[in-house]
Amino acid sequence: MILAVVLAWQVGLAVCAPLLTRRFGRDAGYPLAAGYLIAAALLLTRLPVILDDREVALAWRWLPGLEVNAALRMDALGLVFALLALGVGALIVAYCPRYLDGDTAEQERVYVTMTLFAAAMLGLVLADDLLVLFVFWELTSILSFVLIGQGGRPAATRSAVQALLVTVAGGLALLAAFVLLAVHLGTTSLDTIVAEPERLTGGPAWAVGTLIIVAAFTKSAQLPFHFWLPGAMVAITPVSAYLHAATMVKAGIYLLMRFSAVFSGEWAWDVTLMAVGLLTAILGALLALRQYDLKALLAYSTVSQLGLLVGVIGVGTPAADAAAILYTVAHALFKATLFMLVGIIDHQAGSRDIRQLSGLHRVMPVTVWLTALAAMSMAGLPPTIGFVGKEAIFESLGEAPGVWWLGWLAAGLGVLASVLTFAYAARLVHGMIEGPTRQRQLREPSRAFLAPAAVAAVTATALGPVVMFLSPLVERAAADARPEGTPPYLAFWHGFTPALGLSVLTVLLGTLMFLGRVRVDRWLRALPTTPPFAELLERGRQGLLRAGAVVARTAHAPGPAPYLARPLLVVVVLAVVAVAAPGVAVPLGGDLGRPGDWLLLCLLVPTLAGMLVVRSALAAIGLTGVVGLLLSAWFLTVGAPDVALTLMLVEVLTAVVVMLALRQQPGRLTSVGRRWPVTGAALLAVAAGVAAAAGTAMLTGRAQLSEPGRWYLEQAEELTGGANVVNTILVDFRPLDTLGEAVVLAVVALGLVRLAGRRVDPAGAEPTGGDIVLGLAYRVLAPVMLVASAVLFLRGHEETGGGFIGALLAGTAVGLGQLAHPGGAPLLRRLRSVPLVAAGLLVAMAAGLAPLAVGRPPFTPLTLSTPGPVPSLSTSLLFDLGVYLMVLALVVAAVRRLGVPAAQHGAPAPGGAG
């Protein structure tokens with residue numbers, strides 16, 4: 001249960017972030033950071049259980065038909081990554097108050113999105129089901145897009161789109177891998193898949209492994225997908241620090257470690273990870289050496305360090321896994337420190353160019369020495385945790401299994417990458433110390449600004465000598481990643497070992513490279529540039545957009561007829577092909593001979609003919625409504641009262657809304673002007689009607705009742721307690737479908753609110769004179785309609801009615817009021833779309849999630865019996881209430897948008913348009 005509590009706590013922090021920001025301003029970061037630490041403390045309460053190799057898990061049935069569970073499980077590996085997301089996240093959120101200078105709205109966006117990102121990262125590393133893991137994986141991609149594109153600057157938008165395209169493409173690869181796993185193994189349980197790797201063999205294993213590698217490489221910026229990460233540095237510094245030190249890029253590392261056990265010993269898996277990872281480490285370090293912008297240097301450094309982690313994971317031994325886990329912790333600490341300090345320098349000096357920061361140690365000594373501490377850890381110097389992690393990596397690379405020379409080659413490439421890392425770390429620090437002080441007016445920032453970076457830097461330094469206290473957790477995490485074998489005990493000093501020799505060699509060669517930096521710079525400038533992967537991606541995207549524009553131009557037309565013609569023509573062609581197929585016949589007879597059907601048909605034909613010839617817009621609307629009412633009558637005669645009532649209310653409401661729109665439009669319909677388009681449209685309409693009738697007859701022209709229909713009729717009341725089968729299907733059996741449709745309506749309502757925000761709101765306007773007859777009718781009918789709406793809503797589970805129908809009737813009352821009182825009907829003046837949408841979503845989600853509290857799957861109907869004549873309360877009724885509110889919100893937004901004269905459009909709304 002603790003896992004669900006922590007996830008809910010983190011989401012709750014995101015919900016509270018706007019309130020905290022409005023109360024404390026940018027200082028809201030401090031209570032939010034405390035919230036992160038509380039979540040981390042809650043997880044740490046399970047540390048003894050995890051070290052004892054006992055399970056911390058939670059699961060409930062999500063999609064029973066597919067045997068998919070919403071399952072969470074925390075082992076030591078998941079705990080390490082969760083603590084990084086929360087611990088480093090707390091430091092960065094505490095860093096934000098002194099960094100953020102924007103308005104309250106920008107601060108809200110940063111705090112909300114970062115906190116949601118932390119929740120998504122928690123869900124990713126705690127997921128124990130493939131589908132759950134994929135959902136959180138994609139959430140991190142989407143939220144990173146929002147964070148990188150914060151502010152809407154063109155460069156930020158381009159980089160955000162680039163990052164989204166790359167990571168979402170990797171997400172598609174991950175989805176394909178998970179589908180193959182689920183189909184081949186018959187389960188989506190991550191624990192089961194990892195525990196039984198022998199079940200995945202042959203072709204599927206190769207395909208799954210390749211797809212998982214692609215997904216991880218896109219997320220963790222490995223060749224050839226590395227280019228998106230430096231581009232993402234246009235984001236504000238706290239975002240860069242969080243995404244690229246502790247969360248976003250570490251998701252790929254986590255994925256590779258989690259599936260290492262599945263592909264343990266697979267030569268292709270190990271060699272691919274080692275080769276690509278170590279090459280990425282070297283390339284990233286070379287590119288970092290060419291940078292003068294400190295943030296760009298750190299970006300390419302991140303690419304390099306991630307490559308080193310991927311390479312050591314590819315070694316495929318318990319010792320390598322332990323080294324990767326320890327260095328992941330080290331990287332999160334020193335990279336978060338460096339990003340925060342670079343942000344401070346940029347904030348104080350107004351520049352990140354290392355050539356403009358000489359002599360900085362004289363005016364900002366604390367900042368520079370903290371930078372030096374973090375750079376020491378990055379370079380792998382004692383006594384930092386980076387030194388211990390780098391030695392563990394050297395030892396693991398040197399012991400890579402396989403041919404005798406593989407370990408030597410891997411260790412050599414690792415040393416080369418580390419030498420380059422030492423060189424750019426030394427350059428970073430030396431650039432702030434060497435030479436005269438260019439900006440003598442600079443001063444140290446406030447202690448509150450420096451404190452988060454100082455905590456991370458001191459922690460990275462202090463953990464080196466006491467790394468043995470981390471050893472039990474790291475060993476347990478390595479065992480969870482790869483059950484076979486025993487990871488080594490971690491210690492600061494292992495004696496004079498080959499790994500220590502490689503560390504000394506790294507320092508010596510790195511020092512020589514730094515001392516010869518002038519020649520190195522000339523050599524680096526002479527190197528060919530890397531292929532323009534980012535440019536190729538952008539060209540491909542622009543090409544797709546141009547192709548889409550060409551297709552759009554072919555379909556562009558001034559009226560609706562050409563748009564409708566193409567799909568209708570396809571329907572007709574498909575109908576002809578279907579009927580012409582051998583053995584296919586349209587069943588005729590049965591209900592087609594009922595006198596009532598022929599009567600309705602005789603009424604429909606002249607009504608439709610009248611619609612074709614009238615020129616009055618009002619008459620056309622009236623005839624359209626008559627067609628709808630006749631169809632409602634037909635549904636009623638065939639025993640579908642819910643459908644009939646819904647259609648009738650939709651027709652009435654449509655007429656009211658269109659009448660509001662027509663007040664700002666010409667009263668007569670314009671003529672097309674040419675006979676052939678009209679004739680062609682009429683012929684196509686008749687053909688489409690015949691095709692639709694034939695298709696309906698072929699699908700439903702049988703005497704027997706379908707099996708699903710019979711099951712619903714027989715079982716619905718017993719399972720749900722509701723006698724209205726239509727309503728039980730909507731709110732009991734298929735609530736997710738209903739919720740999705742209601743959310744679409746809610747989004748449309750919010751869009752209309754946004755549009756309405758650019759003109760005078762009738763709620764803030766004085767009522768103007770309206771039609772006397774309509775006004776009288778409104779005063780008489782509105783109370784009756786609202787009472788009837790409530791009755792239809794309450795009885796929906798037992799008889800004809802429900803939330804959707806009730807909301808349509810209430811919306812009709814709202815529209816009628818606007819027709820009667822153009823300046824703002826009393827009912828409309830009291831309603832706001834945004835609160836209605838929010839209330840509807842909250843009520844529907846609360847009703848859907850309430851069963852979890854009693855151990856039932858979400859959206860399972862629960863009933864609370866009440867004594868006496870009081871009707872029973874159920875979660876189905878609450879869910880239907882949520883639907884009611886969202887549908888009503890859409891109607892209110894539409895009426896509010898259309899209910900104001902065009903002359904008032906464009907003026908600001910004094911009261912808002914919600």
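Note: Cβ is positioned from N, Cα and C throughout, glycine not excepted.
Predicted automatically and left uncurated, TrEMBL annotations should be read as such.
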Q) Which range, 536-557, 800-821, does TrEMBL list as transmembrane segment? A) 800-821
**Q.** Per-residue pLDDT averaged over the domain 'MrpA C-terminal/MbhD' (603-666), given as an integer
**A.** 80
Q. By a Cβ-Cβ criterion of under 8 Å, what residues six or more beyond either terminus of the transmembrane segment (491-515) are in contact with it?
A. 379-383, 387-388, 390-392, 394-395, 398, 411, 414-415, 418-423, 426-427, 430, 464-468, 471
Q. Mind checking which residues reach the transmembrane segment (267-289)? Cβ under 8 Å, same chain, six or more beyond either end.
A. 206, 209, 213, 217, 221-223, 226, 230, 256, 297-298, 300-316, 400-402, 410, 413-414, 416-417, 420-421, 423-424, 427, 520, 524, 527, 530
Q.
Using a Cβ cut-off under 8 Å, which residues of the same chain at least 6 positions beyond either end of the transmembrane segment (205-229) come close to it?
A. 137, 140, 159, 162-163, 166-167, 169-171, 173-174, 176-177, 180-181, 184, 244, 248-253, 255-256, 259, 263, 266, 268-269, 272-273, 276-277, 279-280, 283-284, 299, 302-303, 306-307, 309-310, 531, 533-534, 537
Q.
Across the domain 'MrpA C-terminal/MbhD' (603-666), what are the DSSP residue counts per state (helix, strand, coil)?
A. 54 helix, 1 strand, 9 coil
